[in-house]
Each structure stands twice: as C-alpha cells, then as structure tokens.
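Participant: Here's the feature list from TrEMBL:
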- B:D7: active site (ACT_SITE)
- B:E68: active site (ACT_SITE)
- B:D141: active site (ACT_SITE)
- B:D7, B:D141: Mg(2+) 1 binding site (BINDING)
- B:E68: Mg(2+) 2 binding site (BINDING)
Number of protein chains: 2
Amino acid sequence: MRVLGIDPGLTRCGVGVVEGSIGRPLSLVDVGVVRTSTELHVAHRLRELEVGLEEWLDRTRPDAVAVERVFSRSAVSTVMGTAQASGVAMLVAARRGLPVALHTPSEVKAAVTGNGRADKAQVGAMVARLLRLDAVPKPADAADSLALAICHVWRGGASDRIAAALEKQVAARTRGVRP
Amino acid sequence: MRVLGIDPGLTRCGVGVVEGSIGRPLSLVDVGVVRTSTELHVAHRLRELEVGLEEWLDRTRPDAVAVERVFSRSAVSTVMGTAQASGVAMLVAARRGLPVALHTPSEVKAAVTGNGRADKAQVGAMVARLLRLDAVPKPADAADSLALAICHVWRGGASDRIAAALEKQVAARTRGVRP
C-alpha cells in the first residue's frame with residue numbers, strides 16, 4: 001500500500017509518500033514540501049496549495065492519504081491557516097475517492113517511536129531508520145509527513161475500509177460534479 | 001455588483017447573494033444553506049460543501065465573494081470544522097478568479113446595524129428591512145450570509161481591487177492546472 005502523509009500548513013505543507021505493508025520493510029517514494037507565498041491573500045494561498053497537492057497526487061498515485069489532525073486548543077496564531085490547509089488536503093483526496101484518515105500527533109509519535117511524547121529529533125531519527133535513509137529529511141514538516149504515512153501503513157487497514165464504504169455512499173451524490 | 005456572502009459551517013453553511021452598489025437600493029438574488037451529512041467523514045463533508053458551493057456560483061454568478069472570518073479564540077468544538085469549511089469556500093472562489101474578502105462578525109454587525117455588538121435578531125431585522133423582505137430569512141446562518149454580502153457591497157470596493165491585482169499575479173502560476 002502506498003500512503004501520502006500530509007502535515008498541513010500554509011507556509012510549508014509537508015508531503016511524504018511511503019510504500020509498505022504491515023510486517024514488511026517500508027520504502028520511501030518521495031518527500032518534500034508544498035510552499036505558498038506569504039504575500040498572497042489566504043484564498044490564493046489555499047489555491048496554490050490545492051495545485052501543489054494535486055501535482056503530488058498525480059505523480060505519486062497513493063492508495064490512501066493520511067492528514068495530521070489539527071486541534072483548536074493550540075493558541076498559535078497560525079492555527080486557523082493550518083486548519084484551512086488541512087481542509088484543502090482532505091478535500092483534494094476525497095474528490096479523487098481516496099480514503100482519508102486523520103491521525104493525532106501523539107498517535108503518530110507513538111506509532112513511529114513507541115512514545116506518544118517523543119520530540120521532533122526522535123521522530124526524525126526513527127523515520128530515517130525505518131526508511132533506511134542516510135539523513136533525517138528536512139525541514140521537520142517533511143519528516144513529520146513521512147511519520148504520518150508510516151503510522152497510517154501500520155494503523156490504516158481498518159479505517160481505510162470504513163472510509164472506502166463511506167466514499168461509495170457519497171460518490172452517488174457528487175458523481176459527475178467536477179469543479 | 002453582485003456579492004455571494006458565505007457564513008461557513010459544515011452542518012449548515014449560509015449562502016446569500018445580494019445585488020447592489022453604494023448609495024443605491026440593495027436587492028436579494030437568492031439565499032439558502034448548503035448542508036452536509038453529519039454521519040460522513042469530514043473529508044467527504046468538505047467535498048459535499050465544495051459541490052454545493054460550486055452550484056451556487058454556477059447559478060448566481062457573483063462578482064465577488066465575502067466569507068466570515070473565523071477566530072481560534074472560540075472554544076467551541078466545531079471551530080476546526082468551521083475553519084475547514086471557510087478554507088473550502090475561499091478556495092472555490094479563488095479558483096474562479098473571484099475577489100475574496102474576509103469580514104469579522106463585528107464588522108458585519110457594524111455595517112448592517114451600526115452596532116458592532118448587535119444581536120442576531122437585530123441583524124436579521126436590518127437584513128430584512130434593507131432587502132425589503134416580508135420576513136427574516138431562516139435559519140440564522142442564511143440571514144448572516146446576507147449581512148456579510150451587504151457589508152461587502154458597502155465596504156468591498158477597495159479590497160476587491162487589491163484582491164483582483166493579486167489574483168492576476170497568482171493566475172500566471174496556477175493557470176491551466178484544474179483538478
């Protein structure tokens with residue numbers, strides 16, 4: 001199974017694609033970030049993000065998409081932009097009929113390092129080891145997107161089947177309506 | 001000028017279209033809500049919302065779109081869904097090259113009633129009076145979307161010109177890339 005992990009953000013949106021299945025070695029397909037221009041209105045930044053994510057989906061053809069769950073508890077001023085970016089990420093995947101799963105940061109950390117409160121360095125180091133990379137992918141958003149994808153490979157089976165069933169249900173309603 | 005006001009939400013997204021210009025009477029084009037199914041995964045709800053908003057844009061052909069600005073200060077559990085819905089609303093408009101403006105709830109209340117802390121009933125009553133309607137549109141999300149559109153007609157000129165200039169700038173980057 002090939003999973004695209006998305007660490008949502010307006011300035012840097014981490015995107016990482018991993019191939020693997022439970023009990024088998026994982027491999028890196030590609031990793032990077034989609035950036036949008038800080039000088040643009042948020043509406044245009046969301047549009048740039050959509051175009052960037054569509055390119056990643058076209059090129060890497062994942063079977064499922066995993067997006068980091070955003071919480072409102074965060075007092076960070078960027079949380080609204082992050083939430084909007086996560087909305088665009090989910091929308092783009094749903095439009096293609098791909099299963100979409102949300103994983104919390106602590107679920108991802110626990111899956112990859114065994115510790116739900118691991119720090120960024122520990123997560124990065126485990127991602128590099130699991131994918132047999134020479135170095136931790138930079139920036140941190142890129143490494144986080146790979147951790148999300150790995151978490152989904154290991155946790156994703158059941159939630160994907162539920163999502164696929166729901167997708168069939170909604171497909172009838174939105175079929176043929178393409179923007 | 002014809003403005004589509006959007007009061008973002010996942011369960012009920014208010015949509016109201018107003019025609020008018022500064023110093024002239026306003027008129028109602030159409031008003032309603034786009035609803036999405038609470039039993040679906042948020043990714044599919046965002047897709048339903050996109051389809052619904054596309055239908056409104058196709059049918060009513062606004063010159064500009066005004067979206068209510070969402071704040072993270074709100075402790076309400078629905079704030080993430082509201083932020084994601086607002087992201088989809090802005091995206092859909094930006095993709096069409098329409099100017100998108102954000103107005104805060106207090107800007108909208110002040111524009112329509114003269115009081116930035118007016119309650120829902122006062123806003124609804126003024127919307128009905130300004131548009132010469134027999135009754136306040138229901139639900140409140142629908143009335144709020146009309147208030148947003150009216151606010152934008154009265155405040156929108158300058159911000160639309162800025163948005164249009166930025167849109168030209170970004171169009172070169174995203175041209176021809178359609179999902």
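Heads up, the Cβ atoms here are built off N, Cα and C, so glycines get one too.
Worth saying up front: this structure is predicted, and the values here are computed from it rather than measured.
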Participant: Mind telling me which of the active-site residues B:D7, B:E68, B:D141 has the densest Cβ neighbourhood, counting other Cβ atoms within 10 Å?
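Facilitator: When each Cβ's neighbours within 10 Å are tallied, B:D7 leads.
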Participant: Which three-state DSSP class does B:D7 (active site) fall into?
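Facilitator: It is in a strand.
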Participant: Give me the CA-CA distance between B:D141 (active site) and B:D7 (active site), in Å, as a whole number.
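Facilitator: Distance between the two Cα atoms comes out at 6 Å.
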Participant: In Å, rounded, how far does the Cα of B:D7 (active site) sit from the Cα of B:E68 (active site)?
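Facilitator: If we compare the Cα positions of B:D7 (active site) and B:E68 (active site), the gap is 6 Å.
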